[in-house]
């Protein structure tokens, strides 16, 4: 049996759904699952210190291979002692492969069997990223969990294109495994693609499971498809993945999508959503989203969320936070970002308890009713 640096321990499966309560053991510690991972694109979660992230309960954070490769450079980070030391974070780190960022540069990239040529978004220079290079960068960064280099096809691309894409992604995954220099202390995940086509998702999953990765990611979702389409893909994809290994749904952070992903057997999630909307003054609360810059909050001296015990809600009012944001004070963004991150991390804590109590479906219904979801208006 392979001795992986990343191990998944299943504690309990919820009686009425596919939801899993577990934990993931890494070289830099263990974190409970299901878990939402804050995104620290540039080796920092925007406006938050490592101490604040620990107070929030973030057991693991994500950093971005593409951005750190361009600036300050993976070799510089390696010389500093690795990403953990560079950013003063002693808990687990996951790095993506850079594939999604390259995918997002659709107008300036060229995909071949060897890899992807694209324009550096900082200075316009030509860059080349291959499966081997993506692994080399992540080996230099020293993250606990790494991603294979993949192509993320658009959800509605033609069948023939997606078929060729997943076959290439499988070949890239095999090349990445061979290039991996640190399998003893860095766990490499394979990424299942296939857009909305069930047979292609099956083919992609079968290819990757045969390669025996320590964990598996589900990619190519949250890229413009409907919530119902995402759930349908998860319904037929997660059962294809090994029960004894972690399952990671990439780029998902809306509360209803998190809960629905957990119901379908997903263990890990990440998204820039909580910090991105916080910078615009949008806050997640137990009763729905709150746009704090609105004039009606100018003299509202209550917390952002009456049911939240985070640092922001325990110490500051809506009126004060609105004032900070209207005055372009960074502290306002820090407070809203802290609250939104806490909200999602704490939501996952409540979800874990609901799995333990075998009442996740009831929890989902109660949460969504309070939050104000309906099909015509999916608030964050």
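Every residue gets a Cβ built from N, Cα and C, even glycine.
Together with 96, 97, 98, 99, 100, 150, 193, the substrate site in Swiss-Prot holds one more listed residue from 124, 220, 224, which is 220. According to Swiss-Prot, the feature region 'RNA binding' maps to residues 275-279, out of the candidate ranges 275-279, 280-284, 285-289, 290-294.
From the options 237-243, 244-250, 251-257, 258-264, the stretch Swiss-Prot describes as region 'RNA binding' is 251-257. The local packing around residue 99 (substrate binding site), expressed as other Cβ atoms within 10 Å of its Cβ over all shown chains, amounts to 26.
Note on the region 'RNA binding' (251-257): DSSP counts are 3 helix, 0 strand, 4 coil. Helix, strand and coil residue tallies for the region 'RNA binding' (275-279), in that order: 5 helix, 0 strand, 0 coil [DSSP]. Neighbour counts of Cβ atoms within 10 Å were compared across the binding-site residues 98, 220; the minimum falls on 98. Long-range Cβ contacts of residue 97 (substrate binding site) within its own chain (separation 6+, distance under 8 Å): 65, 134, 138, 146, 147, 148, 149, 150, 191. Other than 96, 97, 98, 99, 100, 150, 193, 220, the residues of this chain whose Cβ falls within 8 Å of the Cβ centroid of the substrate site are, in sequence order, 102, 103, 147, 148, 149, 151, 152, 191, 219, 250. Around residue 313 (Zn(2+) binding site), a 10 Å sphere centred on its CB holds 23 further CB atoms from the protein chains shown.
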